[in-house]
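Novice: Have a look at the structure that comes next, please.
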Amino acid sequence: MQYVVVIGGGHAGVEAAAASARLGVETLLVTNNVMNIGEMSCNPAIGGIGKGNVVKEVDAMGGVMALAIDRASIHSRMLNRSKGAAVWGPRAQADRKLYKCAVLELLTKYEKLSILEDHITDLIIENDRLMGVVGEKTGTIKCSAAVLTTGTFLNGIIQTGSERVEGGRFGEKASQCLGNTLRRHFKISRLRTGTPARLYKDSINYSALVEQPGDSPPIPFSYMNTEITVPQVSCYITHTNGKTHEIIRNSLKFSAIRNGVSARGPRYCPSIEDKVVRFAEKDSHQIFLEPEGLDSELVYPNGISNSLPKEIQEEFIRSIAGLEKASVARYAYTIEYDYIDPRELRSTLESKRVKNLYFAGQINGTTGYEEAAGQGIVAGSNAAGAGLIISRSEGYIGVMIDDLITLGTNGEPYRLFTSRAEYRLNLRSDNADFRLTEKAYRVGLVDEERYAAYKKKYDTFHNYKSKLNELSTTPYELAKIEGISIAQDGVRKSAWNLITQPLFVFEDLLRIWPELSEVPEKYREMLTINARYEPYLLRQEQDVKLLRNNEKVVIPSNFDFGAIKSLSSEVIEKLEAVRPETLAQAKRISGVTPAAIVSILIHLRRLGAEGSQPFPKDLDQALRQLN
């Protein structure tokens, strides 16, 4: 009989346990504290650029996160809305209490899922096969598979200035016994992350801040929801200043992360100490003041995580506009913890060393709630025997897992970005259900209700698309309509052809074919996005094939990687350090993504690089859309 044990009740553990239970397998979720299931340990928000796509992918496969945030969303925004849909990033601020309540309520509806409050101290491994786990209070628990989603708890050390305590999170003890067990079986390294202080709301001078309202109406994350019913509130923006930076610079010798903590933190979510040192030329850094809940007295100051002593935290916080009289409810800290080398995992997230043992979340070297959830749904599904593998072309979850198991983390927490995906034109936040719901349904992750909703949406979309392809007119007829300009080439054009053009909007089609007014607003946007991207998706596939044929392209010794705007600072830093001689060498550098290689190839081709093969006609123009 199958019996899956999930260790840890964070975002990875929640999705792993829910996925296993949805597949009809008896599942046990073991957590240190039932009331902390779904806890947002750091910022009270879900989503963002790249991250929001993962949440939509988890939802497309029947997951929990999107449903939970829709019940707790108090401030919703679509990031990058002014850019192409491929880089849109849905994001929502959460009411912490509402989010945890929603997660727990959703989990309790699974008949096959039980929850146990205990500390897992050991693993039972025989002949390189997991046979069970050992609980501090429960003792031996036999199982067919287990998923480790321990977050920052493995040998966690919390530091604020010179204060150093063992802990997996504020107020919770670390998992030392389990951490020591893993050290006997796996290659273990250390990472760190941090969190800022929490401030009392009534001590903040909001008149000195810039208000940032959310989108109206707020857009749900889940494909199963049509609206957000939770009251909405604003966030606020302020900035550090010269005085703030001076206080921090003069106090670096007291910072834990500058003195003694050797583990590396997240590159793209640096502490304020790192910002002041790494970006010394900057006069200020932006801070978002995010409410922790509708009835919470606390505010999360996003952008000033640190490990400075408490008195220095108060001093630099009060040097910031609007925070001159700020009262600290809880001080910032950094936490150092164990993680495994994810290159020792299969694409199912099963260990190569120990059969039936799966890993998901920060234990794999990632950072972020969303990355954890994406790994959790894959690990939990496969622990239950689903055989679920998501490819790089199917989802950001596939990009992330492939990056982890082939490249590793390069010693720093892994964060997902749209730039990591060579297929990003298709991996959009608007089409995750079209990409993954059918696949998830086939393995049993998606129930009949969700699948029926997906099929209705899919069929409706394609019916409307067919109608747009059937309707056609001539440039001559279009010229008679005021405000519509099109080349008089004599070629008959369908409504679908017209909407592919950037200057055409769906409302223009209504002036030509009034009968299209029956198309609902959400389908108008879907049709427009798909029409605009369709020609480039075909060329994107050509681009990926071309890349495989250009691995021997020579990279000049004086090539300026920094001139390629689409490359991240992380990738540029690694390329400059190694100075690869060919594209093949560049591909083997840990952290240099396939998307980055594509960008390099484009620029090399324009320079007439030695060994590069000719691009198909018009491909240069198409590839520019990827950068």
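Every residue, even glycine, has its Cβ placed from backbone N, Cα and C.
Pulled from Swiss-Prot, these are the listed features:
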BINDING   G8, G9, G10, H11, A12, G13, I120, S175, Q362  FAD binding site
BINDING   265-279  NAD(+) binding site
Novice: Under DSSP, is E273 (NAD(+) binding site) helix, strand or coil?
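Specialist: In the DSSP reduction, E273 (NAD(+) binding site) maps to helix.
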Novice: Reduce the DSSP letter at G10 (FAD binding site) to three states and note it down.
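Specialist: In three-state terms, G10 (FAD binding site) counts as coil.
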Novice: Compute the C-alpha separation of Q362 (FAD binding site) from G265 (NAD(+) binding site), stating it in Å without decimals.
Specialist: 12
Novice: Relative to the Cβ position of G265 (NAD(+) binding site), how many further Cβ atoms are located within 10 Å?
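Specialist: A 10 Å sphere around the Cβ of G265 (NAD(+) binding site) contains 22 other Cβ atoms.
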Novice: How many Å lie between the Cα of G10 (FAD binding site) and the Cα of V277 (NAD(+) binding site)?
Specialist: 33
Novice: When DSSP states are folded down to helix, strand and coil, where does G265 (NAD(+) binding site) land?
Specialist: coil
Novice: Rounded to a whole number, what is the top Cα to Cα distance in Å among the residues the record ties to FAD, namely G8, G9, G10, H11, A12, G13, I120, S175, Q362?
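Specialist: Largest pairwise Cα separation, rounded: 18 Å.
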Novice: List, in sequence order, the same-chain residues at least six positions removed whose CB sits under 8 Å from that of F279 (NAD(+) binding site)?
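Specialist: Spatial neighbours, sequence-distant, of F279 (NAD(+) binding site): H285.
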Novice: Cβ atoms within 10 Å, counted per site: which of A12, I120, C269, V277 has the most, among these binding-site residues?
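Specialist: Per the Cβ count, the most surrounded site is A12.
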Novice: So for R267 (NAD(+) binding site), how many other CB atoms are inside 10 Å of its CB?
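Specialist: I get 19 for this one.
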Novice: In whole Å, how far does the CA atom of E273 (NAD(+) binding site) lie from that of A12 (FAD binding site)?
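Specialist: Here the two Cα atoms lie 29 Å apart.
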Novice: Considering only the binding-site residues G265, R267, S271, K275, V277, which residue has the minimal Cα-Cα separation from G8 (FAD binding site)?
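Specialist: Checking each of G265, R267, S271, K275, V277 against G8 (FAD binding site), the shortest Cα distance is to G265.
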